[in-house]
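Below you'll find the structure, written out as C-alpha cells, and then a few comments.
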Amino acid sequence: MTRAQRPVANVSVTDPVSYLMPCIADARAREILARRWRCRIRLTATPTPMHLLPNFSERLGREVWIKRDDLTGFAAGGNKSRKLELILADAMNARATSLVTVGAQQSNHARTVAAAATAAGIDAHLILGGRAPHRPSGNLLLDDLFGAETHFVDDLDWTSMSAHARQLCARLRDQGNRSKRPYLVPAGGSTSSGVLAYAAAFLEIHHQLDLVDRTEATIVHASSTGGTQAGLELGAALLGAPANIVGVDVAQIHSDLGGRVRDLVAATAELGFDPPAVTPTVFDEYLGPGYALASDRSQAAMTELARDEGIVTDPVYTAKAVAALSDPRLTGPIVFLHTGGVPAMFADDAAAAYPAVQRSKGRPLAAAQNNY
Ligand SMILES: Cc1ncc(COP(=O)(O)O)c(C=O)c1O
C-alpha cells in the first residue's frame, strides 16, 4: 500500500438509513425508527465518509478504516449532532423555549446543544463543571459564539451538576411566569432518542461496510455517557448484524459502562418497541489520569494519526480510542469511529499539555528549504 492510496467506502444511496430500514425484522421497531428518522430536525450532513487509513494501517500492521463522524457538518462536527437531530425534534414537540444541559468545561456535547438551540431559534443554558476561565478557548469560545449562557459550577460531580440543571429549569419556569419552557437534555444527549439516532448511524455504517465487504469489522470508538455505544449495539441487534463494537471508556463517569449501555438500550422500550438484549464490550484501560485529561498514550496516538494521515483527534476523547486500536484483543479489520471533539484541541489547557517531545520535531525553516 503506498501513501497515495486511500480506498473509500462510497455511499451508493443518498439515505442508507432508509435504504436498510426494511431489513429490520421487528415491524414495531422498524415503524418507530422510520417515523423518528423522518421527523428528525436536520442538522447534519450525513452520510459521513468512511475510508481506509493506509499509513496508519501499515504502522499498526492491521487494516484500519475510519468513519468520519468528526465531519457531521454541524457546529464543528462530532457525534452529538446526530443525537441532537432527534432530541431537538422532541424539544420542539414539547414547545421548548430553551435547551438546558450539563457537561465538562470543554464539553463537545454542550457546544453542540448551544448550536442546535440557536439554529432552532431558542435559548441555550449550559451548566459546566469547573471554574470560569479568564478567557474562553476551544469549545468554550464556540459556546459563546453560538450565544449560549454558561453557568459554571465549581466541581465535576455529575449528580450535583444535574441537580443544578434541574434547579435552573425550575427557576427559568418561575421567572417566565410559566411562559418559559426549558427542556433538559441529559449529559451527552444519551436519551432514548439519542440512542435511536446512533442505531440509525449503525445502519449507515453497515451499508458502507457492506460495499467494501467488511461487515465483520470491529467498530472502535470513544465512549463516556454510553449513548453512542448503546445506539450502535441497538442498530446491530435490530439489523441482525454482527455486533463487533468496542467502547473505549474515556471518562469513567459510570463505574460499569457496559451495564450502563445495556440499561440505555433497555430504556428504549419507552419508544414503544421491545429492545433486544445486548452484551457490550468496553475497554477501560485507556483512561489515563482521568476524565478530560490527556494521557501519554493519547498524546502519542494523536500525533501518530495526525502525521500518518493528516487527521486531527483530541487528546481527551478520541485519541484515547486511537490508542486502543493496537490492542491485542482486537482481531480482523477495524473501523475507528471518529466521534469528533476537534475544538477541544484548541483549548488553552490542551495546548499547554501538548508535550515538548512532539513539538521538538519541527525543523528550522532554513533546513527545510535546503531540501528543494
Ligand atoms: C468527542 C467525543 N467522543 C465520544 C464521546 C462519547 O459519546 P457518548 O457520550 O455517547 O458515550 C463524547 C462525549 O462527550 C465526545 O465528546
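Keep in mind that glycine also has a Cβ here, set from the backbone N, Cα and C atoms.
Unlike curated records, TrEMBL annotations are generated automatically.
Sequence annotations record features per position, and here TrEMBL assigns domain 'Tryptophan synthase beta chain-like PALP' to 42-340.
The annotation N6-(pyridoxal phosphate)lysine is assigned in TrEMBL to LYS80. Counting every protein chain shown, the number of other Cβ atoms lying within 10 Å of the Cβ of LYS80 (N6-(pyridoxal phosphate)lysine) is 35.
In this view, SER107 (active site, nucleophile) is surrounded by 26 other Cβ atoms within 10 Å of its Cβ, with every protein chain counted. Residues or ranges marked as active site, nucleophile in TrEMBL: SER107.
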Secondary structure at LYS80 (N6-(pyridoxal phosphate)lysine), reduced by DSSP to three states: helix
Length of the line joining the Cα atoms of SER107 (active site, nucleophile) and LYS80 (N6-(pyridoxal phosphate)lysine), in Å: 10
